[in-house]
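To start, the structure itself, in structure tokens.
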Amino acid sequence: MICLLRTARLSARLLFASAAAPCRRASRFNVPPSAEFVARPVGVCSMLRLPVQTSAEGLDAAFVGVPLDTGTSNRPGARFGPQQIRAESVMVRRYNASTGAAPFDSLLVADVGDVNVNLYNLPDSCRRIRESYQKIVASGCVPLTLGGDHSITYPILQAVAEKHGPVGLVHVDAHTDTSDMALGEKIYHGTPFRRCVDEGLLDCSRVVQIGIRGSSYAPNPYKYCWDQGFRVVPAEECWMKSLVPLMGEVRQQMGDGPVYISFDIDGLDPAYAPGTGTPEIAGLTPMQALEIIRGCKGLNIVGCDLVEVAPIYDVSGNTALLGANLLFEMLCVLPGVKTM
């Protein structure tokens, strides 16, 4: 299911047995090593420099890479997203100083490597992703996914809904991703949520899409979403304002049911996140992204993803750094995370 090199496992054991011990403070959880004791360039390139393991068994939450961009319609490169997000995550520390969240004092978390996708066959990749996530979800672990293009969310939600039933969705994106097909193909990064509706994977009364914008092929690009009962919040409704009030409404709408967070990095303005395949001008800010994710605290979150980071268009590394921090923020709002 998960591809990991034997040498990576050995290096991880050596690193975390010898170098990370000083920052564990007798914790029974995995803890990112402090740069006070372990230099940031040292060790295996894992998410947050956490231990690497081949299975999600025994974990409360796991970072999972899905290095696939076969479903892209514009600029490729998201297959390298997981690798670069992991590399930039060395800057993320143990505690969330802004919210007080202490995920590594609360949950057992590790990096379980990458799904062995088939870059030559998108339907087969979807099967591989679905089967991998069925095992992860069945173990009781909450997956936090490093994408990859947005087509990966469809098979992930197949696995998640198999266990939890139809889920609510907090979807941040420049696009609704509800197209039906392109060039005769029904699976690509513009169709995941259409396919999810077709298969009953979403509780459509609890779907919110935030940051949608850009030109359209149709005169009413939101008609399909509205017809399903989705709430669409265009980017224009977010300009120059805090999204804290909006997220209060979202929490009420989501209620106690299972919720999945899907965050396409192109939901943010390309001034902040240029390293993506289908950028659209006039998007959200990083501060609004934090308000959205932190506003999900208290929800019954059963999975998250951060998709569409394409490092080849990210010269400074800022897009991947932003992605790494947003994934950390998602970890911080999972059920069971204590505050200091």
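Placed from the backbone N, Cα and C atoms, the Cβ positions cover glycine too.
Residues or ranges marked as Mn(2+) 1 binding site in Swiss-Prot: H150, D173, D177, D264. Per Swiss-Prot, the feature Mn(2+) 2 binding site maps to D173, H175, D264, D266; the stated evidence is sequence analysis.
A map of Swiss-Prot features onto the structure.
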residue : record                : CB count, 10 Å
H150    : Mn(2+) 1 binding site : 30
D173    : Mn(2+) 1 binding site : 26
H175    : Mn(2+) 2 binding site : 25
D177    : Mn(2+) 1 binding site : 26
D264    : Mn(2+) 1 binding site : 27
D266    : Mn(2+) 2 binding site : 30
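Distance noted between the C-alpha atoms of D266 (Mn(2+) 2 binding site) and H150 (Mn(2+) 1 binding site) is 11 Å. Distance noted between the C-alpha atoms of D264 (Mn(2+) 1 binding site) and H175 (Mn(2+) 2 binding site) is 9 Å. In sequence order, T153, H171, A174, H175, T176, H189, P192, F193, S262, D266, G267, V307, E308 are the same-chain residues whose CB sits within 8 A of the CB centroid of H150, D173, D177, D264, the residues recorded for Mn(2+) 1 being left out. Taking the mean position of the Cβ atoms of D173, H175, D264, D266 as the Mn(2+) 2 site, the remaining residues of that chain whose Cβ falls within 8 Å of it are H150, V172, A174, D177, G211, I212, I265, G267, T278, E280, E308.
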